[in-house]
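Student: Mind looking over this structure? Questions follow.
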Amino acid sequence: MKAGIIGAMEQEVTLLRDKIENRQTLTLAGCEIYTGTLNGVDVALLKSGIGKVSAALGTTLLLELCKPDVVINTGSAGGLAATLKVGDIVVSDEVRYHDADVTAFGYEAGQMAGCPAAFKADEKLITAVEQCIHQLDLHAVRGLVVSGDAFINGAAPLAHIRNTFPQAIAVEMEATAIGHVCHQFGTPFVVVRAISDVADQQSHLSFDEFLAVAAKQSSLLVEKLLAHLAQG
């Protein structure tokens, strides 16, 4: 078993990177990949950079060069579900773009031409994540995570997302691109992120203040998940 782990920002990968044993670093095309072992699992940890293009590029490099069996996307997200607060966990059952629109040609909102309307996370990985959440006694919500190249910080964009994707539980900037590439490669994936803000007018202030909290929570869960995967 080899696990690929993806975070966009330094703060989202540093806690995991520091615990990788026999760590080696590969830098390519603006991405950094750290390989070694963590909690008994061979890992390749990617720091992709922010946004959909960086995430897609990095995920492609990760899958081509390291050939992981599964991909775990970690980091922070803006909460949309009413029950979520800072530090809570969101687990994807599927991911969609919130900023793709080819509805003029009969596609669903958020669906890219020639692609599925949503990219489905792997059910076995979801089950494993939920077992780890229960063991850690974390508050989590499972559902749709939406992605786009915008930090949601205001009433109008937030209302648009809520109206277009009323079932969405969280919003961020990379997960759907990661899911898209994993779909193309046939690699199972899951998104496991922690809430840093609630995507409102104060989200930029909340994000800066609580990113470390979100990174700690999501990294804790990823470590637990790796230990679970190591047991088979």
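Cβ coordinates come from backbone N, Cα and C, glycine included.
Got these off Swiss-Prot a minute ago, pasting:
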type: ACT_SITE; residues: E12; note: active site, proton acceptor
type: ACT_SITE; residues: D197; note: active site, proton donor
type: BINDING; residues: G78, I152, M173, E174; note: substrate binding site
Student: Starting from the Cβ centroid of G78, I152, M173, E174, which together make up the recorded substrate site, report each further residue of the same chain whose Cβ lies within 8 Å of that point, ordered by sequence.
Tutor: A77, S147, G148, A150, F151, V171, E172
Student: Within 10 Å of D197 (active site, proton donor) by C-alpha distance: pick out those among the recorded positions E12, G78, M173, E174, and say none if nothing qualifies.
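Tutor: So far as Cα distances go, the recorded positions lying within 10 Å of D197 (active site, proton donor) are G78.
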Student: Taking only same-chain residues 6+ apart in sequence, whose CB is under 8 Å from that of E174 (substrate binding site), what do you get?
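Tutor: Spatial neighbours, sequence-distant, of E174 (substrate binding site): I6, A8, S48, I50, G51, K52, S54, A55, N73, G75, S147.
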Student: For G78 (substrate binding site) and E12 (active site, proton acceptor), what Cα-Cα distance in Å is obtained after rounding to a whole number?
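Tutor: Approximately 14 Å lies between the Cα of G78 (substrate binding site) and that of E12 (active site, proton acceptor).
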Student: Output, ordered by sequence, the same-chain residues six or more apart from the residue listed as 'active site, proton acceptor' with a CB under 8 Å from its CB, or 'none'.
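Tutor: Once residues fewer than 6 apart are set aside, the residue listed as 'active site, proton acceptor' is near K47, T74, G75, S76, A215, S218, S219.
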